[in-house]
Amino acid sequence: MTVLMKVKQYIPALEWLPNYRSDWLKNDLFAGLTVGVMLVPQGMAYALLAGMPPIYGLYGGLIPLLVYAFLGTSRQLSIGPVAVSGLLVLAGVSQLAEPFTPHYIELVLLTSLLVGFFQLFMGVFRLGIIFNFLSQPVITGFTSAAAVIIVFSQIKYALGMDIPREMNILEKLTHLSRHLGEIHWPTLLICLGGVLLMIGLRRWNRKIPGALFVTALSILIVYIFRLDRYGVDIVQDVPVGLPHFSIPILGLESIKELIPTVLSVSIIGAVEIISIGTVLQKKHRDHTVRPNQEMFATGLSKIAGAFFQALPTSSSFTRSAVNSEAGGKTGMSSVFTAILVALTLIFLTPLFYYLPNAVLAAIVLLAVRSLFDWQEAMRLWRVHRKDFYMMLVTFLATLFIGIAEGVLTGVLLSIGVVLLKAARPHSAILGRLPDTQYFRNTLRFPQAQEEEGVIIFRFDAPLYFMNAAYFGQQMEEIIKDPGLRLVILDASSITDMDASGAEMLNTVVDNIESANINFYICGVLGPVRDLFQETGLVEKIGPKNHFLTVNEAVKAWNTVGKERDRQWKSEAIRTWKEREIQK
């Protein structure tokens, strides 16, 4: 691999930047500005969700976007503040400091830095494969629970009520039922009106940026009627200008306390980025999403963002989809989005003074609808009940125990299912399909016929330390058959074997021979055959007892059987003649 190819691996923009076409510029510009008008109000709303002043949501839509645009492998992925990351940050950091306080803000920026280092580590050491252990049902369960938690976290802004943050969902419901008289109706009407207006605009004309329109309209209404004087909470002062460079305050004690939050934000964020990037890749087919490079890119984007006061960012499915549908071709669309955010910070932030918090809550409430996936839950119930129960356990753990605990539960469930399937893999007894050379699972093909005195056993997994004992137990049950004369092991699905597996197979062969039963093996794959040579299993089983297919093994047995029957008949006739002569 040349130096240039190596550099291109870490800076994917070098693949498309030298070949950038002039007709792409219009598409990227339009897509970038379209995403930008979504990101400005969403970023402020998600910052509020994370317990941060709204301005930090705009900071999160600046430096991280620029870094990812040139280092990310997905050309349409939109990076920035998202609801789930905001919720994870609030759930974790609020245990250490009060939201919106200077110390809380310091801890959130430190979290962003640590998440960046963790994901960068994952990318550099090519550990992206571990995210494959987080199954889709677990992700669905977590995100659905997160949607419910986010909704309840926004009730205080939507209703204009003072609801203690420490309350869980059941306590919040009880509190609401006892304090319905404290609902601030102008605030509720603003929130409800914002939700309905955004839904109506989306159905009428999807090209209209509903969130931006509602944001501007609400600012105008609050300013004209001075609703802030009647109890409507507003954003108030929003700092003007670009974020300044600052080093997050590092403290060993704070780092230790933030580890659970860092892990949960890193894992869920990585899964979001890789899954959304993969979906976009399938649609465009002009690039390949590489998980390890995605970790490298998002890690650096968070590290750089933390030095410019950006809260932890991730990929937004909604903004990424809009970027794709608007015609975004390359990472330049993210550059144009960042430019729009920068212009907003420089010139427009004073306009947000009268922005009601209820509208930011409305933006969040509408955005999290897609997180609650009823259809996927129903599909899992119909198709695979075990996956449904995994989803349900993760959902309940996240909802009633805690966010970090829900993530941990999901990870442990995913790994547990993988280990269970590895320890007790699928296997089958095979029979011949009538008038064919094909052998199939007798449970799935009732017409498949077993050979008399012969059991054909197929083991559908690598044979190694985790399932060697299970393999041995199955073989012990098989050889208990008193009429059994031959065992044929179909090894075509045994893709690998370790020392424990080889030792178990050696023991099984000894047990079969001790029971005066013949043993054939067929379909042994190359890597396993090499191990047979090294461990002496070829000689142990006997070269003449190895076959390419099940059909060849059965034919050989039938041939041997005919020869055995002929020899038995000859021996019987010879014995009869000797007895006749003796008479």
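Quick reminder: no glycine exception, Cβ is built from N, Cα and C everywhere.
Averaged across the domain 'STAS' (444-557), pLDDT in this predicted model comes to 93. Annotation source TrEMBL lists domain 'STAS' at 444-557.
Summarising the annotation, TrEMBL assigns transmembrane segment to 29-49 (among others).
Taken from TrEMBL, the feature transmembrane segment covers 55-71 (among others).
Annotation comment: TrEMBL describes 78-97 (among others) as transmembrane segment. Long-range Cβ contacts of the transmembrane segment (78-97) within its own chain (Cβ-Cβ under 8 Å, at least 6 residues beyond either end) map to 35, 39, 42-43, 46-47, 49-52, 57, 60-61, 64-65, 68, 72, 103-104, 107-108, 111, 143, 146, 149-150, 153, 165, 254, 257-258, 260-261, 264-265, 268-269, 272, 298, 301, 311-316, 319-320, 322-323, 334, 337, 364, 367-368, 371, 402-404, 407.
What TrEMBL records for 103-125 (among others) is transmembrane segment.
Positions annotated as transmembrane segment by TrEMBL: 137-159 (among others).
The feature transmembrane segment is assigned by TrEMBL to 183-201 (among others). If you look at the transmembrane segment (183-201), the same-chain residues 6 or more away from its ends with a CB under 8 A from one of its CBs are 157-161, 208, 210-211, 213-214, 217-218, 221-222, 227, 230-233, 356, 358-359, 361-363, 365-366.
According to TrEMBL, the feature transmembrane segment maps to 208-225 (among others). Long-range neighbours of the transmembrane segment (208-225) within the same chain, counting only residues 6 or more positions beyond its ends whose Cβ lies under 8 Å from a Cβ of the stretch, are 34, 37-38, 40-42, 190, 194, 197-199, 201-202, 232, 234, 351-352, 354-356, 358-359, 362-363, 366.
The transmembrane segment annotation in TrEMBL covers 258-280 (among others).
Residues annotated as transmembrane segment in TrEMBL: 330-348 (among others).
Within the chain carrying the transmembrane segment (354-372), a Cβ under 8 angstroms from the stretch's Cβ atoms is held by residues 41-42, 44-46, 48-49, 54, 83-84, 143-144, 146-148, 150-151, 154, 157-158, 160, 187-188, 190-192, 194-195, 198-199, 211, 214-215, 218-219, 222-223, 227-228, 232-235, 317-318, all 6 or more beyond its ends. Under the heading transmembrane segment, TrEMBL lists 354-372 (among others).
The transmembrane segment feature in TrEMBL is assigned to 392-420 (among others).
The largest share of C-beta pairs under 8 angstroms with the transmembrane segment (137-159) comes from 392-420, of the ranges 29-49, 103-125, 258-280, 392-420. Summarised by DSSP class, the composition of the domain 'STAS' (444-557) is 53 helix, 21 strand, 40 coil. Nonlocal intrachain contacts for the transmembrane segment (55-71), taken as residues 6+ away from its ends with a CB within less than 8 angstroms of a stretch CB, comprise 10-13, 17, 36, 39-40, 42-48, 77-81, 105, 108, 238-239, 242-243, 293, 296-298, 300-302, 304-305, 307-313, 331-332, 334-335, 337-338, 341-342, 344-345, 349.
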